[in-house]
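Chemist: Take this structure, written in structure tokens, and hold onto it; I'll ask about it next.
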Amino acid sequence: MLKGKNALVTGASRGIGRAIALELAKQGANVAVNYSGSEDRAQSVVEEVRQKGVESFKIQANVADEQESKAMVKQVVSDFGSLDILVNNAGINRDNLLMRMKEDEFDQVIDTNLKGVFQCTKAVSRQMMKQKGGRIVNVSSVVGVSGNAGQANYTAAKAGVIGLTKSTAKEFASRNILVNAVAPGFISTDMTDALTEEQKEGMLSLIPLEKLGEPEDVARVVRFLASDDANYITGQTIHIDGGMVM
Amino acid sequence: MADVFDKVKEIIVDKLEVEEPQVTMEASFKDDLEADSLDVVELVMELEDEFDMEIADEEAEKINTVGDAVNYINSNQS
């Protein structure tokens, strides 16, 4: 399905990013695994990806930094020869009530979760324009659509990603670069494991399918959006949330 | 000078799918050669590759005509 394609997944050392890297690899794509701090975990993802019979390497970069993003993309293009799929997944959270949220908690989340998408998209745009095609999939969140108390920074960034996705889709449509977003709901990852039982119960009561999603549920949709099956889809945000936000 | 112009013309004819006689030094990319903003960005990228130079965004924004591009290349080529 993605045989011979070259992909870069940001924030791929764990959770949803890891699942996306493995799913793309399973379909035949070579995958560069970006990480920020977790080098060991990134290395083990690289090894898992290689077990699918494709090429892989890890690459450290802070996606919010222009120079680091550029250098990362350059490295991937030089190693793989092209870059067909970019998945902007890297994200952090610094949850707090707005009244208690510090400026740097707000800035850090916007920097990584929103500006990081801009930096990496800009960094790959030249290559994808030259190739006359490419796929960009941005990982937003349903709370970017619905809002969520205690996550003013995170929801602002994730809503921003949806707007950025639409503008990028319009700018690059004529060059056959398709840009879409996925909006995961309550997915079982380290980020959600950190919640209390009470918080989890509260979330579950909002999900019509009455269960958490798995990272693989998100990964399969990303793989679809990155494939030729999604040739006529751009600028869209697909919710993967068990019906939580409609 | 003539070499640079010829090379630039060749790239423009190829990229913008226009006829050679349309590509004069005075021709404006957007008004005369029907290029959109993204076409111009793409063209600048091609020129960078062809002439092995980097054109900063601020400089690239000033390139409106074929002559602007040719003159920039002539005065910045090492």
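Every residue gets a Cβ built from N, Cα and C, even glycine.
TrEMBL annotations: computationally assigned, not manually curated.
Fair warning: this is a prediction, and the values are worked out from it, not measured in the lab.
The feature domain 'Ketoreductase' is assigned by TrEMBL to A:5-185. Residues or ranges marked as NADP(+) binding site by TrEMBL: A:G11, A:A12, A:S13, A:R14, A:N62, A:V63, A:N89, A:Y154, A:T155, A:A156, A:A157, A:K158, A:I187. Feature annotation from TrEMBL assigns active site, proton acceptor to A:Y154.
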Chemist: Among all protein chains shown, how many Cβ atoms are found within 10 Å of the Cβ of A:I187 (NADP(+) binding site), not counting that one?
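Modeler: A count of 21.
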Chemist: Given the model, what does the mean pLDDT over the domain 'Ketoreductase' (A:5-185) come out as?
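Modeler: Mean pLDDT, the domain 'Ketoreductase' (A:5-185): 97.
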Chemist: So, in DSSP terms, is A:I187 (NADP(+) binding site) helix, strand, or coil?
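Modeler: In three-state terms, A:I187 (NADP(+) binding site) counts as strand.
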Chemist: What is the total of other Cβ atoms whose distance to the Cβ of A:G11 (NADP(+) binding site) is within 10 Å?
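Modeler: That number is 28.
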Chemist: On the Cα atoms of A:G11, A:A12, A:S13, A:R14, A:N62, A:V63, A:N89, A:Y154, A:T155, A:A156, A:A157, A:K158, A:I187, which are listed as binding NADP(+), what is the maximum pairwise distance in Å?
Modeler: 24
Chemist: Could you tell me the C-alpha distance between A:I187 (NADP(+) binding site) and A:Y154 (active site, proton acceptor) in angstrom, no decimals?
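Modeler: With distance taken Cα to Cα, A:Y154 (active site, proton acceptor) is 16 Å from A:I187 (NADP(+) binding site).
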Chemist: Which residue, of the binding-site residues A:S13, A:N62, A:T155, has its CB surrounded by the fewest other CB atoms within 10 A?
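Modeler: Ranked by other Cβ atoms within 10 Å, the binding-site residues A:S13, A:N62, A:T155 bottom out at A:N62.
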